Amino acid sequence: MFEEANPETNVAAAAAATPRRPRSLEDDEDGHSLDVKVMETVIIKSDSGSGSEESYEEYEDKPNTGEIMGWCFYELCSYFTHTVLLTIVFPLIISQTFNSEPPEPARGWYLNRKGFHCTKKETLLFEALTYARVKVGSMKFSALEWTSISWFSGLIVAAPLLASVSIHLDHRQNSHVMAAIATAIGAIFCLPAGAIKTVWIMPPYVAAIVASNAVGSAFHNRHLGLMVRGFVGATIRKLQFPDRQAVSGWLSLYATAGGCFGSAAIASFTYYMLRNSEGFISLWVVSIFSGILWFAGIAYIITATRSNGNESSNDNSSVSTGHFISIFKYPHAAGTLVGVFLSSFSTMSIFTGGLLYIVGQLCTPPKDLLFVWLTYFFFPLLVLPLLQPIQKVIRSDAVKMQIFGFLLSTLTSGMGFYYRLENWHKSHVLFLAASQSIASGVLHAYSRILLMDCAPSGKEGVFAAWFSWVRMLGAFVGFAIGSSGVGNINRSFGAAFAAAVVGIVALIFSNVSSYGGAVAAGHVHKRRETGTPVRRSDDVVNVKGKDDSDVAQDRTIEV
């Protein structure tokens, strides 16, 4: 019997019968314009009767609204841990653990080197943070220095922990359980921070919080790579790469904005509790509230069970021990870690050094200090969402956006260093805070996008683990540099300016590329595969399977 002619089946038959050379993407660029809203997926099923093996490629489930909201919610519940909790709350708690007060100024006010009259409460607060009272043998450390030591111990604990966790993130099905346990441990350690009034209990507390935050951040950033892969597919064409950048930028920017909102809430609550006479107890309440907010993020981790398609058996020996260092096999990813460290270092150095400068040298009143905090954390809520459509219009990738963030950091640190001998007014401080807040948000959002572009499918976990640890390392070094010099911004702003310049030079003149990293990771195919032709949305693809049924699936990306 003769089959009725069908134009749709003729398309597939002609494609299969006629040998074709692999066409490069440049051919499509010359003759066609791709609809960026719709992409086709072709599923090639193997025929068990013929015994031939054909390639099989399938899209994952598209992330729903609940999954996206949960991902942003976790950033709201955890971003403040290294921006407010470790840099503001815990140093203040350590400074309040001593029974003896630092030397008080005469006549109830203090005339600093710039000629500003500081109140007694402001002076005591600054002196408590910078006066060395922690005795370790023949050495003495201030509350800020003791926080740095505790932070460093947390990084030491987090390194082997992340090496082990990265295997579970990429090859086990219980990775969300481990991330939830780590987050719960960090949140629990926030609760008894003021139960024992001694500085010796703080290093274990801070170390546990740093290590827990590193594990939770690794799980969280890995999920970004999985969601982007669910939106655009594991492999795309060159013309579709801007769509991948738009999706990842949309997710990361909105999550960063949510994290800034959480940081603003904790910072405002810290200011409110500092007004009470019982400083130590009040700060303990802030730590408890921070732990509760962080613990709420477990709701996202428990529900975020998206598979990466690379789960194996539960035997750890089946996974190579070199999995954690496999990132260095990808030059683009290894170079991206340099930018992650420099961006985290520069932003934290400016934040810490600038905050101590306006408190200790400019004698900023408490209400003005609150306005500075709110500007630094609330301003990105308005600006960051506007950057996503701008990025889409100018078709800028993650590298260019990082360069933009470094340029803003050079503006802030350069102006602060150049006018370090001048008396800053309130408007000047707010302008620098707003400029640096945008730089901090952009650098954080696009540094993880760049690293996830360089992460091959099935290795998002180990790449996210490296991102988490290097980011925390940069923040630690920036905090240590920014808190040294007792409010003198020469060191902190100068080091931040140098780091930002090095970051710009490294991104421009090195081989680090968002598109190149995606190609090396297998996310972008330069040429078409003859066995799996790629069609535009207006083409009809008919693939014969075992049951002679047509298989097609439309996927829509909404940005």
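Including glycine, each Cβ sits where the backbone N, Cα and C put it.
Record features, source TrEMBL:
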REGION    1-33  region 'Disordered'
COMPBIAS  7-19  compositional bias 'Low complexity'
TRANSMEM  72-94  transmembrane segment
TRANSMEM  149-169  transmembrane segment
TRANSMEM  176-196  transmembrane segment
TRANSMEM  202-219  transmembrane segment
TRANSMEM  247-274  transmembrane segment
TRANSMEM  280-302  transmembrane segment
TRANSMEM  333-358  transmembrane segment
TRANSMEM  370-387  transmembrane segment
TRANSMEM  399-419  transmembrane segment
TRANSMEM  431-451  transmembrane segment
TRANSMEM  463-481  transmembrane segment
TRANSMEM  493-518  transmembrane segment
Stretch in 247-274, 399-419, 431-451, 493-518 most in contact with the transmembrane segment (463-481), if contact is a CB pair under 8 A: 431-451
Recorded stretch, among 72-94, 333-358, 431-451, maximising Cβ pairs under 8 Å relative to the transmembrane segment (247-274): 72-94
Highest-contact recorded stretch vs the transmembrane segment (333-358), from 202-219, 280-302, 493-518, CB pairs under 8 Å: 493-518
For the transmembrane segment (72-94): best-contacting stretch of 176-196, 202-219, 370-387, 399-419, by Cβ pairs under 8 Å: 202-219
Positions on the same chain near the transmembrane segment (399-419), where near means CB under 8 A and six or more residues out: 249, 339, 342-343, 346-347, 350, 354, 387, 391, 428, 432, 435-436, 438-440, 442-443, 445-447, 450, 489-490, 493-494, 496-497, 500-501, 503-504, 507-508, 512-514
Maximum Cβ pairs under 8 Å to the transmembrane segment (149-169) - stretch from the list 176-196, 202-219, 280-302: 202-219
Same-chain residues near the transmembrane segment (280-302), Cβ under 8 Å, at least 6 residues beyond its ends: 70-71, 73-74, 76-78, 80-81, 84-85, 89-90, 92-93, 96-97, 176, 179-180, 183-184, 186-191, 193-195, 197, 216, 219, 262, 265-266, 269-270, 273-274
